[in-house]
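Peer 1: To start, I am sharing the structure in question, which I have written as structure tokens.
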């Protein structure tokens, strides 16, 4: 009965696979609208469309099952043919020739279909994230030998932050480098997916060498079902997955060779060499994954020292270290001998500061299907550890098995669990959906391998193979049908070459944000004389648009996290003296995690406010221009001015742990003053030192104030209101300060004080 129900479900799913592409595009048109105007009428989509979709999916599978059943019981000839078809499929799924061919075809089809969305270059419009990939390419191409001497701070590594842009220029030139760079990013992502399946192949061979293709089929179905739910390899994982593949293969071969009878069995030591060579490669590619693998490498050496003899360990150690040194020399000759020292110093920098500015609270954990990503990877790691510990207690302390033998038998499982634990650092360090998914791959398959190695399940590949395969297909389809069907959607593959051609033939002007291009055109003459550029919006795309190197190694403002790094950035700006800078726009980089850049990087902004002034406002991009000479703050402040306006109040807000404060008021700017020169400033000073002022915040008049119109009898004052924000952490600790407001006057390029009825005081925290 179980088999019959299983086949009913399988036939229904098969019908749905065939029908879904049709029903999802079904669109029945209206015949008579009776004068009604509504969304349905505008879209010309009949309500009967939904009914038709339901009936097709409801009835057709039942009719197909009924026809098959009738044919089986009423027609001997048909029954015989169906039996032949079943035997044919069983032979394919049992064959050691056709099964690998079929499986590789399905995996290849799935990879190309699943990665097609990555071929659409929507990321290019994200100047923050895509800018990280190509923003420094100009700096490298202009002077490759000096690049690492500049010590630009890379949040990921050269392989992700610089290499795609370089490849883009060599392939696409200056007209199509953005598209070519994006294709390079896609290729990195594609390689991560490919090597994740290479890892699955090694795991399949580790679970059952004789039935590895059958095991790989089941593991692949699990992968398909859980993709983009709790596992999703990305471009940052590429080299780490290559290293994981090499390590798992080597551990498997070590375990297999140990159980051979011949003590003189020659072992291929190419894997320790490749693993050693990969370590500088991983530092070149991505810093955090490189650090994780260095920890794994040290554990690997300890593992070999325990499970193998002294001679084997020494040979492994020497080969891997020699290969590591050779790889270091190779990269140093290509990139310069500062490559490794600079990279290691940046790893140290991020280890010290990254958690203080990128960390997010881990989501509240609830055992719910809707929140499965938040808890399942941790849950599976805990179960895997429990399985290993129980197995250790029973086998070693119960039956007297040697620890070395236990470690040899379970080395791959232990390695997978270690990878999952280290990748949890990504999830715990930046706890949003895109990062919590990082340990999922290793958590899932460490658990599966642990189960497979502890259960007597070898007979499922012989006696119950077809039923097992059918069950996996059904279960995995219910979990994520759209992903599973990517493996069989051959018709969708025809879109792949079209997408690739469309991407690679796209010009920069077609891909880059048109508003950014317009801003660059308007500023072409102003920027033309600059040797470098700087943006406070943390968008690397601007360096590519202007084709200028950054004016500081902290080319993203958010990378200058500490007080000392902000002081370094200010020093760089003082030395380079860029004439035009981009002060702000509406991009992500203007406030990370709800904290405004003026709050998180006040030192840098104080320098900009004092030595630059508003210049042009183009498509929400606010550009500032340097003053002719560096000035003291006191030189540009005009207290007790005749500015028309009023500083109303200070209000403590609930946001950011009740540390945010809003200053409110209104001000009438000179009529001749253009909108891009609309700027209101705040300063603070200790109550006992009224002349020692420091800039605190900036904003613009834009708030509707009908009360001001009534007071001034001037309709131009309707949007004269302003709300400026600052954070108490930027004030002297537990000191009372006066807050004062100032309006920028473009005529004399100075800040004129806005009147207030009484001093506005606040205490720092």
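For all residues, glycine too, the Cβ spot is worked out from N, Cα and C.
According to TrEMBL:
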TRANSMEM  51-76  transmembrane segment
TRANSMEM  97-115  transmembrane segment
TRANSMEM  151-172  transmembrane segment
TRANSMEM  178-201  transmembrane segment
TRANSMEM  213-232  transmembrane segment
TRANSMEM  267-284  transmembrane segment
TRANSMEM  290-306  transmembrane segment
TRANSMEM  318-340  transmembrane segment
TRANSMEM  372-394  transmembrane segment
TRANSMEM  406-428  transmembrane segment
TRANSMEM  434-452  transmembrane segment
TRANSMEM  464-484  transmembrane segment
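How about a rundown of where these features are and what they're close to?
Peer 2: If one looks beyond the transmembrane segment (178-201) by at least 6 residues along the same chain, the residues whose Cβ comes under 8 Å of a Cβ in the stretch are 107, 111, 114-115, 118-119, 121, 123-124, 130, 133-134, 137, 159-160, 163-165, 167-172, 212, 216, 219-220, 223, 233-238, 241-242, 244-245, 248, 441, 445, 500, 503-508, 511-512, 544.
Tertiary proximity for the transmembrane segment (267-284) is limited to same-chain residues at least six positions away from its ends with a CB under 8 Å from its CB atoms, namely 157-159, 239-240, 242-243, 246-247, 249-250, 253-254, 257, 290, 293-294, 297, 300, 312, 315-316, 319-324, 326-328, 330-331, 335, 339-340, 343-344, 347.
For the transmembrane segment (318-340), the list of distant contacts is 144-149, 151, 158, 269, 272-281, 283-284, 297, 301: same-chain residues at least six beyond its ends, Cβ to Cβ under 8 Å.
Using a Cβ-Cβ cut-off under 8 Å and counting only residues 6 or more beyond its ends in the same chain, the transmembrane segment (372-394) has close neighbours at 229-230, 362-366, 406, 410, 413-414, 416-417, 420-421, 424, 427, 433, 436-437, 439-440, 443-444, 446-447, 450-451, 454.
Within the chain carrying the transmembrane segment (406-428), a Cβ under 8 angstroms from the stretch's Cβ atoms is held by residues 202-203, 206, 244, 247-248, 251-252, 254-255, 258, 288, 292, 295-296, 299-300, 303, 306-307, 362, 377-378, 380-381, 384-385, 388, 391-392, 395-396, 435-439, 442-443, 445-446, 449-450, 453, all 6 or more beyond its ends.
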Peer 1: With pairs fewer than 6 apart in sequence excluded, do the transmembrane segment (290-306) and the transmembrane segment (97-115) have three or more C-beta pairs that lie under 8 Å?
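Peer 2: These two stretches do not touch.
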Peer 1: Any chance you could find the range in 151-172, 213-232, 290-306, 434-452 with the most Cβ pairs under 8 Å to the transmembrane segment (464-484)?
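Peer 2: Answer is 213-232, with the largest number of Cβ pairs below 8 Å.
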Peer 1: Please work out which recorded stretch in 151-172, 290-306, 434-452 has the most C-beta pairs separated by under 8 angstroms from the transmembrane segment (213-232)?
Peer 2: 434-452
Peer 1: Please indicate, using numbers and ranges, the residues of the same chain that are 6 or more beyond the transmembrane segment (434-452) and have a C-beta under 8 Å from a C-beta there.
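Peer 2: Those are 196, 199-200, 203, 206-208, 215, 219, 222, 226, 230-233, 237, 244, 363, 373-374, 376-378, 380-381, 383-384, 387-388, 412-413, 416-417, 419-421, 423-424, 426-427, in sequence order.
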